[in-house]
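Visitor: Sending over a structure as structure tokens; questions will come in a sec.
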Amino acid sequence: MQTGGRGVMPKKAKKSLGRTEGERLVQLHHRAQAEEEMSKKKEEMLALFLKDKLQKEQRNTAVNLLKVTDRWRSIQRQARVTELRGNIVVSRQMFEREVDELNFVIEKLMGDLQGAERQTAHVQASHLQQLDHLLAQDLKRMWCLHQDWGGGLQDLSSSCSSEKQQMCAQFEEQQDKLQSKVFSADQHHKDAMQDIKKTSTDRESWFSSHSDPKNVQMGLRDNLHESISNILGSWKHNINNVKKKEEEVALLLDYVTQQLKITMRLKNKAEQLRDRVKVSEWEKEFMEENLTAYRNEMNLRFYQAQGQVASGRQATRKQLTQLAVQGDAAAEKQQTAIAQGEKVLRAAKMCLKLKLQHEVLPPLFAPLHLPPEEDTQGSEDVQDLQQRLTKAVLQRDALRKHKADLSQENIQLQLLLGQHAFGLHEDCCPLPTSQAPIISAPAAGQQRHTVIEAAHIAKYCL
């Protein structure tokens, strides 16, 4: 049993060895997998840790950035506050100055407005006075024309009525005379006929009583001829009288017609006078309307001219303020340039002093031989100083020339403002002008660069 057991043992050992190698490989494989998993887990944990750390760093950077931005903003606010305070002070001064100028301008405009109102009131009063005078003259003329026309009409009516009455009376008188004469002629004719009949009867009776008919007939014939001739003569005389009366009546009728024509002419003249009076009244009304329209037009033109003058003054004031601001800016620039030039001149003077000292000191320090590098450096410094000095001198000359140009432009602006002010106030009432203050020339040692502002010039010019 033992031998058998011992003989079997190597096979088991071989099997165990084969198993162990396989297990080892499996274990190694599992170990490698476990290590890989562990490494992956470590990498994942490291990645998570790094992500957490990165997030924390990002949060910290965001917080720090916010703090930095807040601090930067606070610093900017403080700087801006100081700058704004300075600007507020400057703007306050500028506004106070502008308010003073505007108050001066407003006072001047109020004076101009009061003067213009006084002028308009005076012109309107004189215009109304002239209108009243013209109306009084027209009324007086109309009253005189009405009186003349009424008197002439009354005279014409009275003369026409009196002439008409006279002519009617004469006509009636002539007609009565004619009727009486016609009646008398008829009566005379009747009497003559009765006489003829009576004589004829008497002759017939006498003829019948006498025996000689021839003598009787001759006597009767003679008597008849005489009576007929007498009757015809009286009849002709009456006919002539009637013709004369008819001619007189015709003459009277002609005279009456002429007088009627004269009265018609006078009536026509009276109507023409009435028409003329009406036309004169219409012309007077038309003249009054034209005068009122002309007065309104003149008032409108005056107000328009006043508005144009006011707008022109506002434009000139704006220009003056702009010129004043530009003058202030130019003055500030010039002052800064002058200050820089003075600084450069001071530096140049200091450089000259140092150069002189450098030229004087080398003999004293002759034993101390400087190296050539320092000597060349000093010469270069001196050359730089000389260049700066020449540059400063050129800048000073340029600034002086610019100052002369600015003073000339200032004088030209003053003349232009004076001409413009004279053109503005040419039609307005004269205003008192104050003389510009005389500035004494400073000494040669105390000479300063001064600039006269356009606003102050405008105060003395306007």
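Think of each number as a place in line: the chain as shown, counted from 1.
Placement of Cβ uses the backbone N, Cα and C atoms for every residue, glycine included.
TrEMBL entries are annotated by machine, without manual review.
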Visitor: If TrEMBL is the reference, give me the range from 1-23, 208-230 marked as region 'Disordered'.
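Guide: Range annotated as region 'Disordered' by TrEMBL: 1-23.
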Visitor: Given the ranges 158-185, 270-297, 382-409, which one is assigned the annotation coiled coil in TrEMBL?
Guide: 270-297
Visitor: Under 8 Å between C-beta atoms and at least six residues away from its ends: which parts of the chain pack against the coiled coil (270-297)?
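Guide: Answer is 127, 131, 134-135, 138, 142, 145-146, 149, 152-153, 156.
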Visitor: Within the domain 'Dynein regulatory complex protein 1/2 N-terminal' (30-130), how many residues are helix, strand or coil going by DSSP?
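Guide: Residue counts in helix, strand and coil order: 101 helix, 0 strand, 0 coil.
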